[in-house]
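As given in TrEMBL:
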type: TRANSMEM; residues: 16-36; note: transmembrane segment
type: TRANSMEM; residues: 48-69; note: transmembrane segment
type: TRANSMEM; residues: 81-104; note: transmembrane segment
type: TRANSMEM; residues: 116-134; note: transmembrane segment
type: TRANSMEM; residues: 140-160; note: transmembrane segment
Amino acid sequence: MSTGEILKTRLSEYSALWLASFVLVLAGAGFVSLALGRDLVEVADKVLPVSFALLGVAVVIGVGVTVVSRASLIAKCLVTLLALLLVLPLLWSPVLAVLILATIGRVTIEYSEAYAQFRIIVSQLIYPVVSMVVEGPLVAAVWNAFQIIASIVGFVASALQVWRVVKSWMAGQGTEA
């Protein structure tokens, strides 16, 4: 298989895994909590960790199959990078299903330990990356450059507008005299 075909295959598998996880958690947790009347917070505390573990194993298997295959080194690296980039959205699928059920059942899901732990871990992973990108010295320098350029462009545009008004006013004054 070519690198493109391998990536398409892995993305298709990722999409199917995301959808399957979402639908299974939505149907399973929905049945248990809404039809059987169990507390959604307790159901979420049991379903989410199992879902996370199964999804993690599936990602490792998907990457492992590619790594041990006859695929090129580029394909192996791209599949691994793709898995790292998409693991968080993949783990979000069962959480989204539980959030939808919480909305339908009017339940406060924030009391779920699994949900709270997921949010804490995600924020601990994302915050350093975002702060590195947003608060970095290069970003600050680029932002300052944009502000300077915008100020210059704004000043020139305003000056030209004022000049047009002054010029027409002066032209009007000169013809009356």
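A Cβ is built for glycine as well, from the same backbone N, Cα and C atoms used for every other residue.
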Using Cβ atoms and a strict cutoff of less than 8 Å, what residues sit near the transmembrane segment (116-134) while being 6 or more residues removed from its termini?
48, 52, 88, 91, 95, 110
Give the nonlocal contacts of the transmembrane segment (16-36) in its own chain as ranges (CB under 8 Å, at least six residues past its ends).
43-44, 47-48, 51, 54-55, 58, 89-90, 93-94, 96-98, 100-101, 104-105, 107
